[in-house]
Amino acid sequence: MAILFGVLIWTAQAKTFNSLLAARCLSGFASSAGESLVPEIVSDVFFLHERAAMMSIYVLLTSGGSAVGPLIASFVVGLAPETWRDFTWVCAGLAGFNLLAMYFFYPESNFRRPQVYEVAVTNEEKVKSSTHLETATEKGEAPLGVQHVDHVQISWPRVWTSLIRTDSTMTTVRAFIRPLLTLAYPSVLWAVILYGTSLASQVILIFAFPSLLLAPPYLFAPSSVGLMQIAAIIGFLIACFGGGYISDYITARRIVRAGAWIGSAGCVVVAFTCAYKLYWIGIAFGFGMLSFATVYSPNIAITYVVESHSAVASDCLVAINFFKNIVAFVFLYVAVD
């Protein structure tokens, strides 16, 4: 986050195209760390039946940023004197706020709870332990090790002052190789393709809207182009509920099937509306359908991967986030080119 804060300041002050391009490449490198951080937190903190809802909120916020960002940028570019540079300064300020928030609210601990090893006990000790357990249950007390885990007493000042803490069980080479090995799981490959294609369609339309809507026959103002993202926000909100809380109670097979065809239908609606220069409401409606699928199906795919491979969930999520961005880049590069 510190690198992102510095790179955004560099971007706002870039004077040449090469300087701007280098800054944007580094900003992509720095900002990608947060994409795999939150799913790992969800995997560690929440129970199995709660992860779909939490992952839905995560996907909603990451996808919603692609809609709220252009919406705000359209007004900043249209009203601010420095156009896109002013918006970059806003992003730099938010990155600085996130840096402080991560320092105070999410300190890095790398804590590993020591394992409790089994100790051989005699029959007499077993009887005493059973009697003690029954007595504690009758009193309404939770026996130690069954429903209670002792808290580790570490002061907050000690946590805040420890900026870097290494994990001796992990090497750099191993950290790079482990996510790649998860691609052997079919569910991980499925999530990569599903998430990448959904994200690619979303980003392609965001890039295409200015050239499409500013020109005849639509003749939108820059701020009106940004208002097109309201359709995406509506789709995201509906998908957050459908792909999160509902998927905690009913089967993922039915949900993924519905989310898949809604996104495909949205692409068809946008394609026909743009090709034949039809009324702009068709573009907005199709974009909302596509945005719905961008949150709906990938969220369930990621939740399925986390639940199926809980032992290597963090490595699977790193691989998904890395390769889905590659898939989205390939689609975007070909479409723009």
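Sequential numbering from 1, following the chain as shown.
Glycine is treated like the rest: Cβ placed from N, Cα and C.
Database features, via TrEMBL:
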DOMAIN    1-337  domain 'Major facilitator superfamily (MFS) profile'
TRANSMEM  57-80  transmembrane segment
TRANSMEM  87-106  transmembrane segment
TRANSMEM  227-246  transmembrane segment
TRANSMEM  285-306  transmembrane segment
TRANSMEM  318-336  transmembrane segment
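Tallying C-beta pairs under 8 angstroms between the transmembrane segment (87-106) and each of 57-80, 285-306, 318-336 places 57-80 first.
Same-chain residues lying 6+ beyond the ends of the transmembrane segment (318-336) with a Cβ under 8 Å from its Cβ atoms: 32, 35-36, 39, 179-180, 182-183, 188, 191-193, 195-197, 199-201, 203-204, 207-208, 298, 302, 305. Across the domain 'Major facilitator superfamily (MFS) profile' (1-337), the model assigns an average pLDDT of 75.
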